[in-house]
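Engineer: Pasting a structure here, questions to come.
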Amino acid sequence: MHTPLEQQEIRYRKGDIIELTITDHAEKDKCFGKTTEGMGVMVSGILAPGDRVSAQIYKVKSRYLEARAIEVLEASPDRVEPVCPVFGSCGGCKWMHVSYEAQLRYKHKKVTDSLEHIGGFESPDVRPVLAAPDALHYRNKVEFSCSNMRYLLQSEIDSDQLAKPKTFALGFHAPGNFEKVLDLDTCYLAKECMNRVLNVLRDFAIERGLEPYAAKAHEGYLRNLMLRYSERHEQLMVNIVTSWYDKALMQALKERLEAAMPEQQMTLLNNVTTRKNTVATGEQEYVISGDGYVTERLGDLDFRISANSFFQTNTRQAETLYDQIIAVGGITPEDTVYDLYCGTGTITLYLARHCKQAIGIEVVESAVKDAEMNAELNGLSNTVFFQADLKNFHAMQEALEPYAKPRIIVTDPPRAGMHPKALDTMLKLQPERIVYVSCNPDNLARDGKEIAARGYRMTSAQPVDMFPQTNHIETVACFERAE
């Protein structure tokens, strides 16, 4: 007796070629679809929901397959031509191949899915994503790396002709490769003046025979180029990270930059490090020209930003984000507001103009000092900053004893979300309202589930797109204590 075809088990093997339609995004930059038989497939490649693709299976699991896309047979209507010629080789942008409208739609779905599936929130009020005014050239900070191993483009490998020397590169690390760097002339997320510095430094380094850093051998002079730009004050910071200090060389670079960009207000720094890593910071800092910092304006506040300070990388959208905190939090002039994970105090100070007192809490001592300096710079007397570990409730309680209890708490934790003990500390303070600022929808959902279990209800979630062309999304979620 023969088993009907529809009842026979379909057996997939490694190396099989399958066809499927991409239906959604998945973790680790993969996409998801199903075979005609209904088997789920995680597909690697530069894809978009709506793409019809052929893919080769490389791993067979009991409940799903993993495959690599071979060819897009029918393109998604969301697709556009990427403006960057090295998109796909550079790891900076993940979604430049789809329209900005589609990016916003994907991000809204990601926030909604996380809150529903991880947080257990039924039909959460996820508002339309607040789009960035500029989808390109929006970053106020960019870090470029220098290497003696240039990442070769596939076109060079196929033609067996090098477009540039293999032993010098200044640009971004190739995805998953800490040694090789993709040499760039232009980053389409960086400001125009940043790209000009990138090319001036490359020409200067090659002319002078400066040795690029070799990460594996821990040899070489030129390591990184870190740039910051103040949109409101039009100031540019150029920070060169090297393995040792060469005063004459830095002076020559200063003169080259000033000759190439005579109208640009600029400060030049040299961070020096002997560490065996590729991080763009140094143990020593030399100010070659200018003040050694830039000043940026958010709203009616000025913030002094040094080479290694944290500051939101999208100035215009940072204002949008902070305005949303005030709006969804319902902050009034009579309120005492606590700002957890306050860093250098940007949110705390932004809130201070709208409430009676704003108290910032941060574990990093240097960040607290920067926050206090920024409060003084702006003449704010209703702010207080504490260096404290949020995981220690009793120490927190003792430090905050002289101050009014908060009606509202704002928390802006790192990407990993709140430590369980820090979350417990926040909930023990029993604010009427919690405004949770998150750059990771999954961890917002995880922490939000615990907040809801402790007597709060989520009233809204407002996504804000801080990073166009990428799959990252910021969200401002509001939780109110149930009566």
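Backbone N, Cα and C define each Cβ position, glycine as well.
Because the structure is a prediction, the values reported are computed rather than measured.
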Engineer: To which of Glu283, Glu285, Glu362, Glu365 does Swiss-Prot also attribute binding of S-adenosyl-L-methionine at the site defined by Gln312, Tyr341, Asp412?
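Structural biologist: Of the residues offered, the record points to Glu362.
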Engineer: Among Cys187, Cys193, Cys342, which residue shares the [4Fe-4S] cluster site with Cys84, Cys90, Cys93 according to Swiss-Prot?
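Structural biologist: For the [4Fe-4S] cluster site that includes Cys84, Cys90, Cys93, Swiss-Prot also lists Cys187.
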Engineer: On a C-alpha basis, identify the one among Cys84, Cys90, Cys93, Cys187, Cys439 that is nearest to Asp412 (S-adenosyl-L-methionine binding site); the candidates are the recorded positions.
Structural biologist: Cys439
Engineer: Neighbour count, 10 Å Cβ-Cβ cut-off, for Cys90 ([4Fe-4S] cluster binding site): what number do you get?
Structural biologist: 20
Engineer: Across the domain 'TRAM' (11-71), what is the average pLDDT of the model, as a whole number?
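Structural biologist: Residues in the domain 'TRAM' (11-71) carry a mean pLDDT of 96 in this prediction.
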Engineer: Using DSSP, how many residues of the domain 'TRAM' (11-71) fall into helix, strand and coil, respectively?
Structural biologist: 0 helix, 35 strand, 26 coil
Engineer: Report the largest Cα to Cα distance, in Å and rounded to a whole number, among the residues Gln312, Tyr341, Glu362, Asp412 that the record lists as binding S-adenosyl-L-methionine.
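Structural biologist: Site span for S-adenosyl-L-methionine, by Cα atoms: 17 Å.
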Engineer: Cα-Cα separation of Cys93 ([4Fe-4S] cluster binding site) and Tyr341 (S-adenosyl-L-methionine binding site), in Å?
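Structural biologist: A Cα-Cα distance of 28 Å.
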